[in-house]
Amino acid sequence: MSKAPPLRLGVNIDHIATLRNARGGRHPDPLRAAFAAIEAGADGITAHLREDRRHIRDADMQRLKAEISKPLNFEMAATDDMIRIALGVKPHAVCLVPERREELTTEGGLDVVGQQASLGPAIARFNDAGIRTSLFIAADPAQIETAAKLKAPAIEIHTGAWCDAITDGDAAKANTEWQRIFAGAALARSAGLEVHAGHGLDYATAETISELPQIVELNIGFHMIGEALFVGLGETVRAMRAAMDRGRAKAIAA
């Protein structure tokens, strides 16, 4: 049997911008963090331009697109304003996510089933512009099937509930959530979708999920930025890459 396809690491730099914005000014610079992550082995950079601009700002996206040597993944809500901005930036990819101003971080997956009327045209516009679109969704069959129906090239499976259950020591819930991810990744791949995953991943959970051969990209940020305070960003990227490689070595294509 053949080995699983290569697994990409997208490093999310949002919380470098969170730290910068705590005092204002330009330091620490998210672009510098992107350079460091790429030098350490990141395959791409992810940044979320939220409507309230709480961390990443418009100018950050422009600078990232202009200056980094790896693909830029532009996370965004599917609003008219954000679509306009993304089409102007022309990133390699966009990831459409749900967004509420009162949340601390993205709390759940996108309701693709309930928002087909607005998401379909947005996906079509990005496809026409040559920008790969992924939809950040729970590993739910109806959501996955609708994503394929809308001709989204990719999905990103929300791993937060699984990671939270592991952190909370709830083995039963963790197993239930893992089975959903396992089945969802297989269903998405069989539907012709490229499969990514992210949210709440640390070294251990990244290693585990890397065993799933259908998944070709992980987008990870908060854990690595937190660890970087103690050991440096380059070291955290290398450690995450090593964890993913250990998991991938156990995976073989079905």
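Here the Cβ of each residue, glycine as well, is placed from N, Cα and C on the backbone.
Here's what Swiss-Prot has on this protein:
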- Asn12, Arg23, Gly200, Gly221, Phe222: 3-amino-2-oxopropyl phosphate binding site (BINDING)
- Asp14, His15, Arg50, His55, Thr105: 1-deoxy-D-xylulose 5-phosphate binding site (BINDING)
- His48: active site, proton acceptor (ACT_SITE)
- Glu75: active site, proton acceptor (ACT_SITE)
- Glu156: site 'Transition state stabilizer' (SITE)
- His199: active site, proton donor (ACT_SITE)
Go through Asp14, Glu75, Glu156, the listed recorded positions, and name the one with the sparsest Cβ surroundings, counting other Cβ atoms within 10 Å.
Asp14
Please determine which of the binding-site residues listed here (Gly200, Gly221) has the lowest count of neighbouring CB atoms within 10 Å.
Gly200
Site of maximum Cβ density within 10 Å, from recorded positions Arg50, His55, His199:
His199
Using Cα coordinates, what distance in whole Å links Glu75 (active site, proton acceptor) and Phe222 (3-amino-2-oxopropyl phosphate binding site)?
15
Asp14, Glu156, His199 filtered to the recorded positions whose C-alpha is within 10 Å of Gly221 (3-amino-2-oxopropyl phosphate binding site):
Asp14, His199
Given the recorded positions His15, Arg23, His48, which one has the fewest other C-beta atoms within 10 angstroms of its C-beta?
Arg23
If you measure from the C-alpha of His55 (1-deoxy-D-xylulose 5-phosphate binding site), which of the recorded positions Asn12, Arg23, Glu156, His199, Gly200, Phe222 fall inside 10 Å?
none
In sequence order, what residues of the same chain, 6+ apart, have a Cβ less than 8 Å from the Cβ of Asn12 (3-amino-2-oxopropyl phosphate binding site)?
Ile45, Thr46, Ala47, His48, Glu75, Gly198, Asn219, Ile220, Gly221, Phe222
For 3-amino-2-oxopropyl phosphate: widest Cα to Cα gap among Asn12, Arg23, Gly200, Gly221, Phe222 in Å:
26
